[in-house]
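A.B. asks: Copying in the features that TrEMBL gives for the protein in this structure:
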REGION    A:1-26  region 'Disordered'
DOMAIN    A:1-52  domain 'HTH lacI-type'
COMPBIAS  A:17-26  compositional bias 'Basic and acidic residues'
2 protein chains.
Amino acid sequence: MEVARAAGVSKTTASDALRRSGRVSEKTRQLVAETADRLGYTPNLSARSLRAATTGAIGLHLPEVLTRSEYYMSFVFGVIDQASRHDYDVTLLTSRGARARAAFHRLDGVVLGDPLVTDPVVHGLLASSVPVVTCERFTGDAEPAGTVRSDHAAMLSLLFDRLHDAGAARPALLASSTITDWGAILQRAYREWCERRGTAVRLRELPYGAPPEVTQDEIRALLSAEPGIDALVCAPDGSAAAALPVLREEGREVGRDVLLAACVDSGPLAHTDPPITAIDLRPREAGAACAELLFDLLAGRADEGAVRDLPIGLVERGSTAPRG
Amino acid sequence: MEVARAAGVSKTTASDALRRSGRVSEKTRQLVAETADRLGYTPNLSARSLRAATTGAIGLHLPEVLTRSEYYMSFVFGVIDQASRHDYDVTLLTSRGARARAAFHRLDGVVLGDPLVTDPVVHGLLASSVPVVTCERFTGDAEPAGTVRSDHAAMLSLLFDRLHDAGAARPALLASSTITDWGAILQRAYREWCERRGTAVRLRELPYGAPPEVTQDEIRALLSAEPGIDALVCAPDGSAAAALPVLREEGREVGRDVLLAACVDSGPLAHTDPPITAIDLRPREAGAACAELLFDLLAGRADEGAVRDLPIGLVERGSTAPRG
DNA sequence: ATGAAAGCGCTAACAT
DNA sequence: ATGTTAGCGCTTTCAT
């Protein structure tokens, strides 16, 4: 605190004054505060971190494939929101591995949005000493310190029930890759639903982060392989919007000839024609819940291996209107 | 390096070995590397930062209103991509952190995506001692160390020319707020275009981050105030998609009765019916360019006040097809 | 080619 | 209520 010592007090006094530790008199506190302000002083966080063995920052890692996803953007802001509430910074970790390893001592903890089994950084982080909270379970063998999850199976089952009630007898699933737990759960839930209902499984899987063209080709393939399909549920983010023109080009009127629903809601789905029914994954809340759990773990308010539940919702729109 | 000293060498040697400073013999380097690996050693970045007076991290600040925006998500990944190429971390700054934490010596520099004049954090950062690069000019009075900008005026003018060529005589602009430079430029460019063409100005401004309902109400108001409109250009991200159902509900066929275009391209716009013409702002490249400029400034490869240009594109789709 | 020592800015522990 | 000292883990002299 050599700068603020120019206020005529010792380093310690200045330090204590600025951190309001209640050690110094109100008068000196004022004086120091003013001086610091005048000199444009800002504390050196590196030094503080070094001393305190705590960094005031948490990491956030996302699957890099998903450059364009409203879901993750909302998730990010959820994490940030909660972090800043605890006066923490959020550092984004990339899949360029070398760095992540080195970042360990710069972070007090890490949040993993949808950990891919195929991502080496994910493994690295889980193997490290910092506490890790994952959104959705990690299907690999490492155990995160905390997990936030939702009941996707129940929600998907509910969605198919609704489609069935609306008159769909041969619903299909455009599935997402099983490299995420979410993708795997959806496939399983769909198969189980089909079994319960005694319906044939009509499923097609897309790789994670597939571009729209690939998605559309897959949908065309699905439709030509299974012409009897009367409802289509699309798992990958953005795939339902991409399905709309394909269905139309096949001469099927969405909401009448064929019902359509998405497993990931997003802004545009509310404004297509017709608007598309979707599962609302509450991404912002999910991000916030992950961060919250991480802070609880750091503070000892939660136990290693804690699992928390995040409720999700179903937004029914015109694309699944009951048949007149 | 007390841990690695267990390899029988001094702190200095260990440090030099791990950083390959070329000081130590290959044999000792090997030995130290192995020991460090065995002990699971990771360098303490706080200590390193303290010593080096450099942090290995840059900050990124975005307008918080935009929770759901593909543009910003891509921008973020552009920044991250470039940062990790330079072996830097990226820390996200919120508007919530009342104190501009960047100045807290945790960051070597900051990138501001679309600085809002109304954002106090933006002012704080620009007033701080760290170099700041903004994407788009800052309309306040502070001067960033670097700026990446695009010729939005020319592109918008080109877009209106195309609409005109396609038969639109009374084009309107659903404008974005002027709290960003981008929003202001678009409004100005439109007015100038109208003047050049001798056309009346048909403009309506939306607040930044307006929800879809507000957007749609505004569009309805615009249409009822100016029934003669035969082309609509929507500036705010997502507003063109929201416009589509409104136009349809008014009985106008998009691409025939009325042309429609967006000032911000995004995935869904390619898959609406008809697909919507849009300006491609190249967000990922923009983010990368900002980060690159920042690193150039830090390394002295660019001068204070540098301005760089980022080319943008126009993606013409069915919504602006020339009238038969 | 390697060691020893100093010090980056901060704060906890021990004085006064 | 305030000052002094020590040391967090690292790297940069300066010495060997």
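Glycine is no exception: its Cβ is also placed from the backbone N, Cα and C atoms.
In the displayed structure, how are the listed features positioned relative to their neighbours?
C.D. replies: Same-chain residues lying 6+ beyond the ends of the compositional bias 'Basic and acidic residues' (A:17-26) with a Cβ under 8 Å from its Cβ atoms: 4, 9, 32-33, 36, 43.
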A.B. asks: Need one number: mean pLDDT over the domain 'HTH lacI-type' (A:1-52).
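C.D. replies: Within the domain 'HTH lacI-type' (A:1-52), the model's average pLDDT equals 85.
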A.B. asks: Could you count the residues of the domain 'HTH lacI-type' (A:1-52) that DSSP puts in helix, in strand and in coil?
C.D. replies: 34 helix, 0 strand, 18 coil
